[in-house]
Amino acid sequence: MAEGGGAEPEEQERRSSRPRPPSARDLQLALAELYEDEMKCKSSKPDRSTATAFKSPRTPPLRLYSGDQEYGGLHIAQPPTGKIVNELFKEAREHGAVPLNEATRSSSDDKAKSFTGGGYRLGSSFYKRSEYIYGENQLQDVQILLRLWSNGFSLDDGELRPYSDPTNAQFLESVKRGEIPLELQRLVHGSQVSLDMEDHQDQEYIKPRLRFKAFSGEGQKLGSLTPEIVSTPSSPEEEDKSILNAAVLIDDSVPTTKIQIRLADGSRLIQRFNSTHRILDVRDFIVQSRPEFATTDFILVTSFPSKELTDESVTLQDADILNTVILQQLK
């Protein structure tokens, strides 16, 4: 009896030391880990159906593209040696940044596209998800350069914007989320924006020297209180098509300026005015050029930052809108 009693606890101990069969919970965890490993392997392989198919002998920059016609497009490019605002680039990368061939940045074969191939349509908010779009839908209208300095950032050749300013912090937060900043959305009604980022973290802001840009086509110089239009028609014929002089009397003895007007329907007008013309003259020009707005109640606002031009008796020079873009908004 004593020996039998001693053997029974040993048998129970051997049974308890045997591995128990896996439960349903164990199987679920194992499958989840297997799935995660498989997805990591897939994500490490280039997908030829997206912009990652564009390769470069060197480490390519990162670029994020948004082709939403309502909110415009957003490109984020980081130079290979970039060390600035690592978190900014990291979070942008998480919202769809893809490597692109550096050569596509300087290609001028197709003026309507900044690169060939697909990109990502970025949501304008948390609720609007990003999605892949194809190259034929990528349009470019306004190109903006965001330079990140050690003491702030600048847009194109504009003034320094300190990081400590809450408005500027909000701008960068939108970029980090892969969204088009609100102040740029106001510029792209019916068109698109290309936003490139340059790394200057090791330098303090350097005010650029004024210079003329020799290129054919249109663009905008952003960053000051109001953007400047940089427009160089490739031929007199094109200039005649883009600038309507019939509706406005020009005094050649007085300085002139070009105003681009983005209409509420998404179209735009470019007109040459004297600096002494008034805001009311701009309104009259819109109505003469587009009679359908004669019975429409609308306002005129500056584009960057947005400010309503309430006093229409003010001259264009006094309103500080020479060589700028103004927007028509329906009431």
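Placement of Cβ uses the backbone N, Cα and C atoms for every residue, glycine included.
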Can you tell which of Ser44, Ser194, Ser234 Swiss-Prot marks as phosphoserine?
Ser234
Counting by DSSP, what is the helix, strand and coil composition of the domain 'UBX' (252-329)?
14 helix, 30 strand, 34 coil
Over the span of the domain 'UBX' (252-329), how high is the average pLDDT in this prediction?
90
